[in-house]
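Per TrEMBL, domain 'Major facilitator superfamily (MFS) profile' is recorded for 1-467. Summarising the annotation, TrEMBL assigns signal peptide to 1-19. Annotated transmembrane segment per TrEMBL: 77-95, 107-129, 175-194, 200-221, 286-307, 327-344, 351-368, 380-405, 417-440, in sequence order.
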Amino acid sequence: YRAFIFTLTFFLYASFHLSRKPISIVKGELHKHCAASHEVELSSYREYAAQIQHVKKPSNASQCGWEPFDKNNYKQLLGALDYSFLCAYAIGMYLSGIIGERLPIRYYLTVGMLASGLFTAMFGLGYFYNIHNLWFYIMAQIANGLVQTTGWPSVVTCIGNWFGKGRRGLIMGIWNSHTSVGNILGSLIAAYWVSTCWGLSFVMPGVIIAVMGIFCFLFLIEHPKDISCSSTPSSVSEYIFYSDFCLLIYSENCTASQNSSSAVTGEGRHGTSAISFLGALRIPGVIEFSLCLLFAKLVSYTFLFWLPLYITNVEHLDAKRAGDLSTLFDVGGIFGGILAGLISDRLEKRASTCGMMLLLAAPTLYMFSAVSKMGLEATVVMLLISGALVNGPYALITTAVSADLGTHKSLKGNARALSTVTAIIDGTGSVGAALGPLLAGLISPSGWNNVFYMLMVADACALLVSL
């Protein structure tokens, strides 16, 4: 069952990130450089688009991309799309944890995934229905940002229910690679259609996350108690140790239920009420790690949303090749998350592990900005290293740290805090995730070097908070 839940939740949340990635890939298609050397290629593209899309009018076609993103202020407009999604995500996350603590995870997550599939596909429908209204795309991003907040608190609560603290850093470091796997798959899927029919770059991920939502409804098991109940009454709980993980089995009469309406972490499901928002804030470490994640996630999401466009501008590659190359950053992120979890388990110091990686990340970002202009081979190496150091602390805080704090000893037996704590930490981090791409859109017209300086300052702030 543990292996099954580990695998299922891995792919459930990978589908969330798969559906977030297309916007960064399609940016290079929404706005194109209007160089004379590209006129033939653009003309051929318009002819092809007219053939496959009879509803489009040739008069609406733009040599500089897709209206309204074909203007000179396209970076600000594309930044507004990112900000709309991430701001809605940040605001919704604070509410999501509180709601998720009081509803069955399986139903809550299923509804969120189906709605996310709808709004992800909605953005792509703008291509097929020839929509050029900026507010249509912004509203699609806002709606998608709100419903995607159902994902993270739910899957972290579920995985926290099934795995104890023994090697939580390593287990969750491996599990958290779903973020990078989702980004990689999302990049490859979106890049496949970006140059011919970018609407499908959103529709197909939308279909995938909706299908995964159905799998969630059919197969997700929220807690071990839903399938393992002792038939012998007893006043004492039994601890069964298996593979260094502690699983608490309740020795009481109960009925196996797939529809349990409470979220727990391993100490108890009955007799305690869900923790309040202020109560969760009073848990030692919640505020500090939340602020650290704010700056760490600012850096990570700036790469998530702007890296393909940066590669397009610096390496002079088309949107598809830039999207494929950007996946190396996420490959590095997989190793970074696992390494951070392993080190933190050995040292038993989560904050120190984050601090070490953040200390190395700032100079690495400076090197990346300088080396990426020297050629493709140097860019590949720096993408892998930067991905590991940037995503390592981010992965550790959002998984093992959140699970640790949600089961903190100060709760004195009230285990119904994991979803709320996770939402507070990730919600605060999402504020940084909203600010990063917005600042990148505002700063990048003055030069990409200034964007990297901003990222280095953010890493330094994260390091100071972790210290």
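Using the three backbone atoms N, Cα and C, a Cβ is placed for every residue, glycine included.
Contacts between the transmembrane segment (327-344) and the transmembrane segment (77-95): absent, as fewer than 3 C-beta pairs lie under 8 angstroms at sequence separation of six or more. Comparing 77-95, 175-194, 200-221, 351-368, 417-440 for CB pairs under 8 angstroms to the transmembrane segment (286-307), the maximum falls on 417-440. Contact between the transmembrane segment (380-405) and the transmembrane segment (175-194) holds: at least three of their C-beta pairs are under 8 Å, each pair 6 or more apart in sequence. Model confidence over the domain 'Major facilitator superfamily (MFS) profile' (1-467) stands at 79, taken as the mean pLDDT rounded to a whole number. Contact count against the transmembrane segment (107-129) (Cβ pairs under 8 Å) is highest for 200-221, out of 175-194, 200-221, 351-368.
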